[in-house]
Amino acid sequence: MMDVDSYRWRPPKTNYLPHNIDMDPVVEEFEIPLGRASDHENAAYFEKMKLAAQEFNIVRPKGYTVSYHATSEMEKHHFGQTHPMKPWRLTLTKSLVTAYGMPFAMDNYNTRHATYEELNSFHSSDYLDYLATAAPEDQPRDLDNPDKDVKFNLGGSDCPLFHGLYDYCSMSAGTSLDAARKICNKQSDIAIAWGGGLHHAKKSEASGFCYINDIVLAILQLLRLYPRVLYIDIDVHHGDGVEEAFFSTDRVMTVSFHKYQPEVFFPGTGGLNDNGPKSEHNPGAHHAINVPLNDGITDEQYEHLFKSIIGQVNTTFRPSAIALQCGADSLAGDRLGRFNLKVEGHAACVRFCKSLGIPMILFGGGGYTPRNVARAWAYETSIAIGADQNIPAEIPQHAPWRQHFVHETLFPTLEQSMSEPRNNKNTEKRLRDIVAHVHEQLRFVQHAPSVQSSIIPPDLGPVRDEVEERLKEERGEREGDEVERRVKEQGLGVEGEMAV
């Protein structure tokens, strides 16, 4: 019998592939074994979301707008059975965000793929061409031979060539670019892109599970409007790709908090004295701040360190926009991380940055224990919309895949997150020395550096407008507009009688 599903009409893909190649990339997707909800089940869940929003007083924040940028197609991809990166963590994050009713307090965007031209605004053409056309490989090339050479660092255990790789990269970059454009268009004050944050990718090389540096692409977009952008990285790994991309400019200051043990811990860069170009004549001198940390740092230490450094950076550099990478591998119990941070300590960084009142993008990043990644990003979403004091600690009973969280709380203890907390190797004297060093470096930073740029990043406006208009027609967004209109008529997400 003919498989009817295989002949369903599908809208054509947008032209986001290289123009100078003839072969089509392999875009087979990995289907996660979760099943698909029926229309009836989706409608029932939507009603539960509405009740949760009313019960927890989830309303749109006053005085500013929050937007949420995602595409569910990213969640279907798979790096490999033994690879620590699990895109399914985005599914778990969505389950918590929706279960608490948070979407009613935000503008929610189903983002498109980034085009080839958009990716090419930072990444080299030869790298993108290979990324788009390399055949997927079920087994990493260096599995049997660790010294085997791989082109552009693609195909090894670190950055495997999995099915649908170029699609995945384009979607990740698309979420971050959409967030940046909503900030630039003044449509949003805080834009959330948990599918982005891949901070290790270089111009012509994949690195550390990162293939496309969506953060760099987003910051290039921000620089078209904002004089100075502050990039902050709280991933457990050094944000080397972003630092390298903006190494010689005074319009971007990068600040990375990370574990530093160069002999054994990836990527081995980001020492305390690595503060940008050594030449004082280079505009980027002193505009790279690195905060190297040891195993076991606690919430209290991390929060104090973060506020002491970012507070002074804000005073000195005077950023006009913030790009905050919220890598969740710095949480306790992470598969690769080594800190003793709880969800509350990680989220304190988001809360402090929000208090500065500067337009901000929240990116995802690392995080290899999916249930804890979802907890952190969901709670940080609640901080963005100002609902962190309203939502209960107990995960709602109707949350999809609730059993995967093991513990029913949004805020697991260290004992619940890991069998035994790691020995804290960060002495108070060491932390004081780090703060003193950073403050000394900031003395060399001129206030409000020049907004002039010798190379203006391309906007690609005509290309973007054409693609977005085509997608609007193909995906029937007019129907979605009608659904959104009906939701607004119900008054959901608008402060009313039940608000306090």
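Just so it is clear, glycine is given a Cβ too, placed from its N, Cα and C backbone atoms.
A quick note: this is a predicted structure, and the numbers were derived from the prediction, not measured.
Within the same chain, residues at least six positions away from Tyr368 (substrate binding site) with a Cβ under 8 Å of its Cβ are Pro84, Met85, Lys86, Asp329, Asp334, Arg335, Leu336, Gly337. The feature substrate binding site is assigned by TrEMBL to Asp158, Gly208, Tyr368.
If you look up TrEMBL, you'll see Asp235, His237, Asp329 marked as divalent metal cation binding site.
Per TrEMBL, compositional bias 'Basic and acidic residues' is recorded for 462-489.
Sequence annotations record features per position, and here TrEMBL assigns domain 'Histone deacetylase' to 83-382.
The region 'Disordered' annotation in TrEMBL covers 454-500.
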Original post:
Counting only other Cβ atoms and using a 10 Å cut-off, which of the binding-site residues Asp158, Asp235, Asp329 scores lowest?
Top reply: Asp158
Original post:
How big is the gap, in Å, between the Cα of His237 (divalent metal cation binding site) and that of Gly208 (substrate binding site), rounded to a whole number?
Top reply: 9
Original post:
At the Cα level, what's the spacing in Å between Asp235 (divalent metal cation binding site) and Asp158 (substrate binding site), rounded?
Top reply: 17
Original post:
So which other residues, same chain and not among Asp235, His237, Asp329, have a Cβ within 8 Å of the centroid of the Cβ atoms at the divalent metal cation site?
Top reply: Val236, His258, Gly327, Ser330, Leu336, Gly337, Gly365, Gly366, Gly367
Subject >> Cβ within 8 Å of the mean position of the Cβ atoms of Asp158, Gly208, Tyr368: remaining residues of the chain near substrate >> reply: Pro84, Met85, Cys159, His200, Phe209, Cys210, Phe266, Leu336, Gly366
Original post:
For Gly208 (substrate binding site), which residues of its chain lie six or more apart in sequence with Cβ-Cβ distance below 8 Å?
Top reply: Asp158, Cys159, His200, His237, Phe266, Pro267
Original post:
Roughly where does the domain 'Histone deacetylase' (83-382) sit in mean pLDDT, to the nearest integer?
Top reply: 95
Subject >> All-chain count of other Cβ atoms within 10 Å of His237 (divalent metal cation binding site) >> reply: 28
